Amino acid sequence: MTPGARVAAAIEVLERIRGGEPAEKALTNWARTARYAGSKDRAALRDHVFSVLRCWWSCAAWGGGEDGRALLLGSLRLQGIDADTVFTGEGHAPAPLTEVERVLAVPDATAVRDLPDWLWERFEASLGANAEAAVEALRVRAPIMLRVNARRATRAAAQARLASEGIVAQPVEIARHALQVIDGERKITTSQCYAEGWVELQDGSSQAAMEALELPDGARVLDYCAGGGGKVLALAARVTGAFFAHDAAPQRMRDLPVRAARAGVDVGLLTQPEGEFDLVLCDAPCSGSGTWRRTPEAKWALTPERLEELTRLQLRILSEAAPLVAPAGRLVYATCSVLKEENQDVIARFASENPEWTVREMQHWPISETGDGFFLSQLERVC
Ligand SMILES: C[S@@+](CC[C@H](N)C(=O)[O-])C[C@H]1O[C@@H](n2cnc3c(N)ncnc32)[C@H](O)[C@@H]1O
């Protein structure tokens, strides 16, 4: 496909999204009707669509409207691409720019903030002077991060082996085993390095948070909201111990046995956890506000009601998990949100309703070049 045809396809997909289709579904549905599109075309299309979703209001301001064509025009202008070279009308490219489109005024960049107003208030209340930087960070593409599995390889060995498979990655400071992928990201999941469990895809802040947990050899660990199991795998790579995973929706853990086998670790799946664990991790469902550059639709879809519902669920999960912690053990609460309603406020409320628990530590990771926004709190029983 030509650059113009890719932009035309992106306009079509954005129209589907405006019509109510979720972005992933709209992209899949489009691909079904366009068998001629190769993997590079699909990746380019996705980039166009996600660039708009991350910066919807800026694109609308720079493109003079909120239909697919205006949004794409705005997105190209924002990226400094001469739209006349793409809107040519040739082949499958979109029609040439009209005079009105060509003379659109460049808006004042500071006047547009790509976040719903109600959320801006929450960002300011949560992050203070860092709120603007967080909103700005959510406007750009997320880094592709790998965690090197210390049970299989050193970071240097994994970096060299990835390079031999055409994947350029470099060590970054955020976590001890973190590599940032610079080139060849589409080869990761088909590489030998990945198949043999040397590396896993995992955001830098999640890696750093799992490294921050004190974990003695032989510990019994329960990942209470395990999902795909990224966190428990990171913990199991650190020490020998007994590792278990639970999720209220067990089907979310379906890939975990394969991932654990690849990584060379054992993780038991528990539908009804019982007994005592030295560490119980609650990586709770949340707004995901720290990860919205990966899932930009979510920042426009969240409502105050949904946020409130999530905080109730987060408190409930902590109450369910707390009895599973051994007397001298730790209850760990984590979210990939930057909102204090889901972080400090949940912890403060839990501690005030459960005075036998005290907060030992609270840590925040900002949305950065190598990590998503992340929150971690560790609680212990009062002696
Ligand atoms: C943020 S995700 C977990 C991500 C996962 N830890 C990882 O690293 O990939 C939250 C998970 O909590 C699960 N969940 C929701 N309500 C729950 C509950 N009451 N008890 C346990 N898990 C729950 C969801 O099904 C979801 O998989």
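Just so you know, glycine gets a Cβ as well, placed from its N, Cα and C.
Where the annotation comes from TrEMBL, it is an automatic prediction and has not been curated.
Noted in TrEMBL for the protein shown:
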{"type": "ACT_SITE", "residues": "CYS336", "note": "active site, nucleophile"}
{"type": "BINDING", "residues": "ASP247, ASP283", "note": "S-adenosyl-L-methionine binding site"}
{"type": "DOMAIN", "residues": "134-383", "note": "domain 'SAM-dependent MTase RsmB/NOP-type'"}
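Where TrEMBL records a feature, it is marked here on the structure.
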residue : record                               : DSSP (3 states)
ASP247  : S-adenosyl-L-methionine binding site : coil
ASP283  : S-adenosyl-L-methionine binding site : strand
CYS336  : active site, nucleophile             : coil
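With a cut-off of 8 Å between CB atoms and residues at least 6 apart in sequence, the same chain places CYS225, ALA226, GLY227, MET253 near ASP247 (S-adenosyl-L-methionine binding site), listed in sequence order.
Counting only same-chain residues at least 6 apart in sequence, those with a Cβ under 8 Å from the Cβ of CYS336 (active site, nucleophile) are ASP203, SER205, SER206, CYS286, GLY288, SER289, GLY290, THR291, ASP372, GLY373, PHE374, PHE375. Cβ-based neighbour count (10 Å, all protein chains) for ASP283 (S-adenosyl-L-methionine binding site) stands at 25.
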